[in-house]
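Taken straight from TrEMBL:
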- 6-22: transmembrane segment (TRANSMEM)
- 29-47: transmembrane segment (TRANSMEM)
- 67-87: transmembrane segment (TRANSMEM)
- 94-116: transmembrane segment (TRANSMEM)
- 128-147: transmembrane segment (TRANSMEM)
């Protein structure tokens, strides 16, 4: 839920700042800023909660810690590349695939009741998916509207 608050909060704040600075709203720029900050925020979580997040992957997948670090770096690179015109479109398309690719890990974590922040198995369970799956759809639509389109 924190990434959603970051996404919406940064979007609203950047809308207001850009309005004051340029005397006009720039929804696309604000949307890119919000997505970028949210990606940096979630990347930070990968470094803070690496051990817990590595449990989001089934045990048969090797190098789970390295995968968590790799996804953090992917998020950081994407957060930068959405502002580079030559890379913006491909970054947006790849982000859509990334958001789809990480969804099974979130489903696995919910089914196993994983609390990735503590690494314990006392998380909210499958009820969390009522939020997480729609949020993934929001991220995909957000990326399409503000980065790809």
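Cβ coordinates come from backbone N, Cα and C, glycine included.
What TrEMBL says about a protein is an automatic prediction, not a curated fact.
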Checklist outcome for this item: Long-range CB partners for the transmembrane segment (29-47) (under 8 A, at least six residues beyond its ends), listed in sequence order, are 2-3, 6-8, 10-11, 14-15, 18, 53, 68-69, 71-73, 75-76, 78-80, 82-83, 139, 142-143, 145-147
Checklist entry - Same-chain Cβ contacts of the transmembrane segment (67-87) under 8 Å, 6 or more residues past its ends? => result 32, 35-37, 39-40, 42-44, 46-47, 50, 53-54, 57, 61, 94-95, 98, 102, 147
Item to check | Intrachain neighbours beyond the transmembrane segment (128-147), with Cβ under 8 angstroms and 6 or more residues off its ends | outcome: 1, 3-4, 7, 27-28, 31-32, 34-35, 82, 88-89, 91-92, 95-96, 99-100, 103, 106-107, 110
